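First the structure, in the form of structure tokens, and then the observations on it.
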Amino acid sequence: MATTSFESRLSRLWAHEKASYGLRVFIALSVALGVCWHRQELTAVPALFLGIIASAIAETDDNWLGRIKSVLLSLLCFAAAAAAVTLLFPYPLPFVIGMALATFSLTLLGALGERYVSIAQATVALSIYAMIGMDQHGSHDPRIAWHGAALLMIGAGWYGVLSILWTILFANRPVRERLSRLFFELGLYLRRKADLFEPVRQSDLHARRLALAEQNAKVVGALNAAKTAIMSRFGRSGRPGVQSGLYFRLYYMAQEFHERASSSHYPYEALTDAFFHSDVLYRCQRLLALQGKACAALGEAIRLRQLFDYGDNSRLATDDLRQSLDYLHARADPALARLLGALELLVTNLQSIERRLSEAAQSDSTSDNLDTRLRDSSPHTLREMAARLGQQLTPGSVLFRHGLRMAIALVVGYAVMQSIHADNGYWILLTTAFVCRPNYGATRLRLVQRIAGTLIGLVATWALMQLFPGTEVQLLLALVAALVFFITRTDRYMLATAGITVMALFCFNLLGNGFVLIWPRLIDTVIGCAIAAAASFLILPDWQGRRLNQVMATVLASCARYLAQVLEQYASGMRDDLPYRIARRDMHNADAALSVALSNMLREPGRYRRNLDAGFRFLALSNTLLGYLSALGAHRAALEGGHDASIARAGEYLQRALGALATALGQRRPLPLHDESEELAMAEALEQHAVQLPPKQRLVRDQLALTLRLLPKLRAAALAVTEAPADNAAPTALQRA
């Protein structure tokens, strides 16, 4: 029994999303350490470890063929960077010019996709590692310099080979990990949605809507990550095999859950007032919460590769909700007819989620009838790559500004290092490179985490060096610290910084100077962080408030395109085809981008976020708009009654109104003229539909009427954002240029 329990724990540990990555890094570091120990060349450990770190930073999720291409490209960039540093290191002026140009160019490579972002970051890091190695040896002897560069390349190449082998052996594991994370985030989203149905008057619905919007951004991110993992394994042709069919089915199931859960059929305040004395909203809330837990359980089953046991709790809760709604229908209160219709549609959505969850417990479901094509926006030819890079050669590009910022920051760091004759001063450049982020809010957060993590790491290293003076134990501690860095670097950066600090000091203690590096490391970290912060603040700063109008415009424009796709399917029939899914994903991506932009604004100085409150009001309204449109999408089907002139007129009007508002917002022009009385009359005409109309036709009329009534609020929020100045500071010289 104890053996079974131990095996179960071991199985769950192996199934953890970071277990595979951690074990791979541990093997790479351990083998490098073991070889150096066996050959009695422990002084090679720091360079080998740093090469492994750079190669691991460059790693992105891909299939085995894509991983081979990535590793070869990474090694090519690493070799060029190491050679350039070795050749130019004795010549300060050519060296600093080359460093600036390389940093700017590598940053622009991020326009080609995630793979190139990682390779660019890793190449900058490895070039600074090469500088640190040459500075540590205190010699410009070409043989020593090239030997250090060769060790970096050996470490990087060793990890690259291991990474390729790992991808071949565990080809589909990343897909399972992404899908597991997706259903976990979706479960949290359903529980946040359940909070909106709590029938309590004067509850803070605005705060709950903002929490829902924040979680929606996480779900969208998880959907995009899962799509990337699936597409990298199974291509974009839409012809899934036997094994991949399960992953496609789970991915599209999550998309359907997200659309149905995003739906909003009526203002929640009105539902609370109308059904305050009924238990129907409590039952909606309970069922949504149970389905959220079921989604999390499904994610756990995917991660552990176990059968999903759905259970009976949700089914019983669905039956209870159905009985509660039937009781309200039996009362036949005419005043509640439209609200009961909205509840009926909500229950239909929940029943659909219930049915799909029960299907997920069946392993024989197929994806034969699915259009499984996926949009691949990555450039694949040299012409496409050149065009994508050319689009970034403008100060309006975020990558252009960040690349220029990084290049200038590293040049300033080099100048400071040379002017104060800092020992081991290249840590200044490394800190600047890792702390300087594309926007001020992210840089500020990274700065705090970097300084705090460095302090923790230095104190821990000092104590551990006192307790364990032996070389063997210190090497093992360096290995553990490096492992901590890799496991935590994406979500706990402060702890990751502490780990890499411990590893660096223990490794360089092999050269006999570990203790004397403690104070220089702290001083260099502070200087590097100060330079990164100054660069983010002074050099073409990307204040979120200045582009908030453009992010909002993207939300409205994507909503207009999605509405056009949905209404077209109400005319021709439901199709879950690629154009529809693209429109839906663009709408959710735009909403998530707005949420992220506002979150970044919270970390910016007060005078640069004067439109923050208006932005959050717009976010709540745009999330409501997304809910109304998602309800149309969730129930789309060909209308039984044929052409409806009122629906056609309202649909065309809404598309024009949203598009015009988006254009005015994006260009900071006065909002377009409109007649609110006409919009109100159009909404009232839609709502005064005959009872004998088919249910789908009533649904479309009601949702379009709700959207029309939302337009004035959207315009008011948009006007508040455009009228509020983003800052009152005079532009810097670079900004004027």
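Each residue, glycine too, has its Cβ placed from N, Cα and C.
Curation does not apply to TrEMBL; its annotations are automatic.
Feature list (source: TrEMBL):
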TRANSMEM  21-37  transmembrane segment
TRANSMEM  43-59  transmembrane segment
TRANSMEM  71-89  transmembrane segment
DOMAIN    71-357  domain 'Integral membrane protein YccS N-terminal'
TRANSMEM  95-111  transmembrane segment
TRANSMEM  116-132  transmembrane segment
TRANSMEM  144-171  transmembrane segment
DOMAIN    414-534  domain 'Integral membrane bound transporter'
TRANSMEM  447-465  transmembrane segment
TRANSMEM  471-488  transmembrane segment
TRANSMEM  493-512  transmembrane segment
TRANSMEM  518-540  transmembrane segment
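Note: the stretches the transmembrane segment (21-37) and the transmembrane segment (471-488) are in contact (3+ CB pairs below 8 A, sequence gap of 6 or more). In this chain, the transmembrane segment (43-59) touches the transmembrane segment (116-132); three or more CB pairs sit within less than 8 A of each other, excluding pairs fewer than 6 residues apart. Only pairs six or more apart in sequence are counted, and the transmembrane segment (518-540) with the transmembrane segment (144-171) gives fewer than three Cβ pairs under 8 Å, not enough to call it a contact. In terms of C-beta pairs under 8 Å, the stretch of 43-59, 71-89, 95-111, 144-171, 447-465 lying closest in packing to the transmembrane segment (471-488) is 43-59. Away from its own ends, the transmembrane segment (493-512) comes close to residues 42-43, 45-46, 49, 53, 136, 446, 449-450, 452-454, 456-458, 460-461, 464-465, 471, 474-475, 477-479, 481-486, 518, 521 of its chain (Cβ-Cβ under 8 Å, at least six residues beyond either end). Recorded stretches compared: 71-89, 95-111, 144-171, 447-465; the one with the most Cβ pairs under 8 Å to the transmembrane segment (43-59) is 144-171.
Sequence-distant contacts of the transmembrane segment (95-111) (same chain, six or more residues past either end, CB-CB distance under 8 Å): 77, 81, 84-85, 88-89, 117, 119-120, 123-124, 127, 388-389, 391-393, 399-400, 402-404, 406-408, 410-411, 414-415, 433.
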